[in-house]
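Taken from Swiss-Prot, the feature signal peptide applies to 1-24, supported by sequence analysis. Here Swiss-Prot flags Cys48-Cys86, Cys251-Cys283, Cys269-Cys295, Cys468-Cys563, Cys595-Cys784, Cys643-Cys689, Cys860-Cys896, Cys934-Cys1334, Cys1092-Cys1140, Cys1365-Cys1480 as disulfide bond. Here Swiss-Prot flags Asn55, Asn247, Asn301, Asn321, Asn393, Asn508, Asn787, Asn882, Asn1004, Asn1153, Asn1324, Asn1437 (among others) as N-linked glycosylation site, drawing on sequence analysis. The region 'Bait region' annotation in Swiss-Prot covers 686-745.
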Amino acid sequence: MKKNREAQLCLFSALLAFLPFASLLNGNSKYMVLVPSQLYTETPEKICLHLYHLNETVTVTASLISQRGTRKLFDELVVDKDLFHCLSFTIPRLPSSEEEESLDINIEGAKHKFSERRVVLVKNKESVVFVQTDKPVYKPGQSVKFRVVSMDKNLHPLNELFPLAYIEDPKMNRIMQWQDIKTENGLKQLSFSLSAEPIQGPYKIVILKQSGVKEEHSFTVMEFVLPRFGVDVKVPNAISVYDEIINVTACAIYTYGKPVPGHVKISLCHGNPSFSSETKSACKEEDSELDNNGCSTQEVNITEFQLKENYLKMHQAFHVNATVTEEGTGSEFSGSGRIEVERTRNKFLFLKADSHFRHGIPFFVKIRLVDIKGDPIPNEQVFIKAQEAGYTNATTTDQHGLAKFSIDTSSISGYSLNIKVYHKEESSCIHSSCTAERHAEEHHTAYAVYSLSKSYIYLDTEAGVLPCNQIHTVQAHFILKGQVLGVLPQIVFHYLVMAQGSILQTGNHTHQVEPGVSQVQGNFALEIPVEFSMVPVAKMLIYTILPDGEVIADSVTFQVEKCLRNKVHLSFSPSQSLPASQTHMRVTASPQSLCGLRAVDQSVLLLKPEAELSPSLIYDLPGMQDSNFIPSSYHPFEDEYDCLMYQPRDTEELTYSVPYGREKDVYRYVRDMGLTAFTNLKIKHPTYCYEMNMVVLSAPAVESELSPRGGEFEMMPLGVNKSPLPKEPPRKDPPPKDPVIETIRNYFPETWIWDLVTVNSSGVTEVEMTVPDTITEWKAGALCLSNDTGLGLSSVATLQAFQPFFVELTMPYSVIRGEAFMLKATVMNYLPTSLPMAVQLEASPDFTAVPVGNDQDSYCLGANGRHTSSWLVTPKSLGNVNFSVSVEAQQSPELCGSQVATVPETGRKDTVVKVLIVEPEGIKKEHTFSSLLCASDAELSETLSLLLPPTVVKDSARAHFSVMGDILSSAIKNTQNLIQMPYGCGEQNMVLFAPNIYVLKYLNETQQLTEKIKSKALGYLRAGYQRELNYKHKDGSYSAFGDHNGQGQGNTWLTAFVLKSFAQARAFIFIDESHITDAFTWLSKQQKDSGCFRSSGSLFNNAMKGGVDDEITLSAYITMALLESSLPDTDPVVSKALGCLEASWETIEQGRNGSFVYTKTLMAYAFALAGNQEKRNEILKSLDKEAIREDNSIHWERPQKPTKSEGYLYTPQASSAEVEMSAYVVLARLTAQPAPSPEDLALSMGTIKWLTKQQNSHGGFSSTQDTVVALDALSKYGAATFSKSQKTPLVTIQSSGSFSQKFQVDNSNRLLLQQVSLPDIPGNYTVSVSGEGCVYAQTTLRYNMPLEKQQPAFALKVQTVPLTCNNPKGQNSFQISLEISYTGSRPASNMVIADVKMLSGFIPLKPTVKKLERLEHVSRTEVTTNNVLLYLDQVTNQTLSFSFIIQQDIPVKNLQPAIVKVYDYYETDEVAFAEYSSPCSSDKQNV
């Protein structure tokens, strides 16, 4: 029953369509309303009304219907009999980003009514947003600078508020965010510093709009060395299988434009290089030297690849790789190319061939014959066949390889037109696997346009890409048939132009009709202004209405030049400058434009090419893309094609049937324009109902209507500005000669310019800038935004920073006193003439230098030549020694080469300064003497004796005295250098993080926080936050060395530490809340029913094992961390944890108190945080009995602490655990509720005095945890006792001799670290304090000691392989082997660091060091400038063996031994030293 009703409706609909004058209105009244199928809010939109043969006044109403109600768009009274008119309307913003709504069109008169409803998509107007970074790739520790650009679809700037912007690392951690950022005049610049050890890989900048839409931009973080030159491989785009030779050219050019001397290896492989080894073996290699232009061209014979004998090989490309090795340095860089393989020697390109044909209108074809390189082939005969039209023709290509054809379509009876063009004879091949020779041949199929009356119109355009602001002419060809034409005096053709989904232009053309004719044929021209609003694609629809209601139409798509209204130009004058010279940058744009400038070293773009910011890129942004909306099939009033249940008997009505999906009727023309039609006119081609049921998904896809006539065959590069750059202004006469201009180069940025400037009212801004010292080419561009003309982009401007000649120094990073090394100065002359040169090493009392060989101070350097001068240098002073080498071109009447040299006017002298570190021999020692001195009315003094051991290394002793007015002055100055130890694991990284929280809190509470200190501390917090995320596991936990690809186990203690630190840092920086939640969730899963926490992961600090057992000590620490994270004691996890501690305290009370000191200090602080004063007091009372009181100070020690070695000249610094315990007691006392009592403060002061004596010279302590906890205690004590006194203490230090220095401390310089060097070592000094107030005095003594035999806590053996010299010229590379075991008092050590210092002039072979991380006990390796660090999770009495290779970088004479140090990270007194020498160090070396 249902099927019968559907069939009746289908038949009724189809009959209506074929009744000549049938409509819902009487007579001949016709209606067509065209509206974009996709409408935008807050944007003027148009609806076009076409009312035809009205016989009464009507009202036209348009309304949008949604779930929220009905919104009337307009209500128009129409009195004209014929009307073509477009009305504007605006839709208010939607609550959601888009929604499908119903558009109702009602046309109502006194007698008749027409009403129709269709679905349209309404979308909120979205801004166009993109992000520009200052460069595409960053090194760890660098600053990421970026700007957010916001515009409307017309590219005018917007002041847009973005609720959120953030940066995601490769693990999708949100590492930085900004809230409520607003662009001003369309621009907002932000920056963010990467940590020193970020996760490497792709990062994302995400900008969140208020609509919820996200815009993203990617950049890369990786370690890299900028390439000094690029390699360009030039190969043909394609070859034919009949070619026997391929010419491959490889050129290597320095970034400053000069050729590279060296060697090139060219590899040519056929097939996919990622396939099997069989495919990979199909390669040829050619080696050659680069010529004077830095190039090498090779003719590679490819006959052995047998391309034409094997069908499969005919379709595989060649891959070319060229690796250039620079002469002298051995630096290698590569370039690549790809060569396609074609079956024919030439091919056809269809430049014009429409996808559809129209009966009676000629079908135009334009082709181009090109060779395998793409070059046109003139004067060649080409053939064309169109069998359905009975058309065969031949012609000769013109000088451009073009041929044109016009095919008469009148005789075509079917629905398709198959065109074949070919060159020479037709191919004899039938199967695709045929290997016989083929000639160019192409096919094109066009399908019929449907018209019931066989009437058509065709828009013909020859254009490729239309230039903006010009008139484009379109030819219209038409043929109209039908008896009803005779009653019309004229035919009116209407057209409209659309772009970006909106109707932009409308117009019409009238053609007079002679009375009584049954066919009208002709053509006319339409002139279309090409406006900016039409970029990048415009579509034009033309149609006319025949008297019987049939609509005849055609459309065409134009590619429009991607132009911008704001014309921007950036230039440098001069375009080539010396490093460090001044250059003039000029930017022109629309007046009052805000311009973002950028200039990047070309080396960066060689390393990581990026898409150039161009009009093409702008118009390809998501916000600029336009798409047609086709309603979903479930909408009941979106009718399908009309269908007939039977074939009409009138064969004149339907003489053919085009397959469904390929016919082109008016409905599809309208739909493909992006329009929805409301009409009672005939615009659809009916189809038999059974045909529609036979439609299958495998039918060929409908061809896109978005391409120009000829579809894919008329492709041209878009957005490329081919206009020449403006000529530089004429050069002025050279100025009078100045004294020799000397260049000293030391500034080498990767991004030179990153600024915002405003163009003045004349449209110009000019800036004087200093060129960096890098010898390279700078790539610069400007992005400008104007309220009047919108966005403008400059083309890339280049500035070549170049020097006619320059000098480069080769020297080691450091040497040990007594060693000698070769200092080499290489001078490169890039002038086309020879120059007399003078090279000079500036004399210094810090070293002696002897020229090597026959080198002269002056010599003649040939054109494009290089020369190296050498000196054998022996440093005489310790510390940093400067080496300054100058090279100068000198005027001389004598011949240089074969001519008298001409000295350049600029750049006649180049100077390079490098620093060498000269270290004393032996082992470094440091002692710090700290005191908290509080004076009242009477003067307070103490004596200080600086003693040196008898074996001290000569001249290595140095000392300084520091005075601070604040308890945290030293730590504030050195927050990133608190301890002189590596920071390579997750726990150690936190010493770079947590102290900044305490410093900020303390300074904020005491009102001493300055913007400078705040900025520095926040930067350190952000960097530490990034680094710590490297050590996060997927389950939310953290461990010392991270996930290790899912194999590592989270560490309970470290996770708690990170949790509390991140929670406290939230007050100062952005911390992604998910990291805190994840850590807490993971910790809660580790809690047992008893409330205690089970241990996960290794405890790398054995002090945690010193209490009752691991579980209680660990539980106390975690409870403390949870409470410091602002969790209330009522939280279920915290409440259970406190229950665990209470039960554990009862056990401890019954035991032997002395063995639980560490655990009790943690518990005291945990109960204090929970507000349980009773338990806090009980534990503190117990601890008071175990306190060690000496010299008016109080501290605690572990009974089982390691024994100190005998023979110390000074009392050694307390170990990490003792500092921790004492600091926890202070924290417990200061956390008393509601406030610490005078007794708490007094007792705390005694411990604070002891703690300050343990501080090192940087304000930290012996290790990481003690530094974090002690600084927390110091900051809380400082805040509790802080007062701004009106009286100022005066500190005096004087020696037993004549030395004396005074320091005044007041409120203005409390945080200032005042320091003076002490002249007499050894010597006796007196420190006195007068006035009133407390000061912190610290003396630091450093010296070196020769390596002595001792009884260390580690057995350490170091040797080289080979042991002895087996090369009379010296050992350039050898292996270092280490054997380590623990011999201390405990079963095993804590985490251990093995620090291997490099011999002077040697560097480690990094892959051999990295390979050690595969060993079981090696958690991490680091290669620093002069050291190799091995992180060992622990060491027992079992010997561990490691080895790696080092190689000579710079020859050094009289090589001194290098030191290897192995130490416990948390018990730094447990240390062992050894030394090693080069196998050839005892022999004379040729350096």
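Glycine residues also receive a Cβ, built from the backbone N, Cα and C atoms like all the rest.
Cys48 (disulfide bond) sits 13 Å from Asn508 (N-linked glycosylation site), taking the CA atoms of both as reference points. Working note on the disulfide-bonded residues Cys86, Cys468, Cys595: by count of other C-beta atoms within 10 Å of each C-beta, Cys595 ranks first. If you take the C-beta of Asn508 (N-linked glycosylation site) and look for same-chain residues 6 or more apart in sequence within under 8 angstroms, you find Phe84, Val492, Phe493, His494, Tyr495. Ranking the recorded positions Cys860, Cys1140, Asn1437 by the distance of their Cα atoms from the Cα of Cys934 (disulfide bond) places Cys1140 first.
Here Asn787 (N-linked glycosylation site) is positioned 74 angstrom away from Asn1324 (N-linked glycosylation site), judged by their C-alpha atoms. Around Cys1334 (disulfide bond), taking its Cβ as the centre, 17 other Cβ atoms fall within 10 Å, counting all chains.
Summarising the environment of Cys1092 (disulfide bond), the number of other Cβ atoms within 10 Å of its Cβ, over all protein chains shown, is 23. Ranking the disulfide-bonded residues Cys251, Cys563, Cys934, Cys1140 by how many other Cβ atoms lie within 10 angstroms of each Cβ puts Cys934 at the bottom. A 10 Å cutoff on Cβ-Cβ distances gives Asn787 (N-linked glycosylation site) a total of 13 other Cβ atoms nearby, all chains included. Cys295 (disulfide bond) has its Cα within 10 Å of the Cα of none of the recorded positions Cys283, Asn321, Cys784, Cys860, Cys1334.
When other Cβ atoms within 10 Å of the Cβ of Cys784 (disulfide bond) are tallied across all protein chains shown, the result is 33.
Straight-line distance linking the Cα atoms of Cys1365 (disulfide bond) and Asn1437 (N-linked glycosylation site), rounded to a whole number, equals 33 Å.
The region 'Bait region' (686-745) scores a mean pLDDT of 40 in the predicted structure.
One residue stands out among the glycosylation sites Asn247, Asn1004 for having the most other Cβ atoms within 10 Å of its Cβ: Asn1004.
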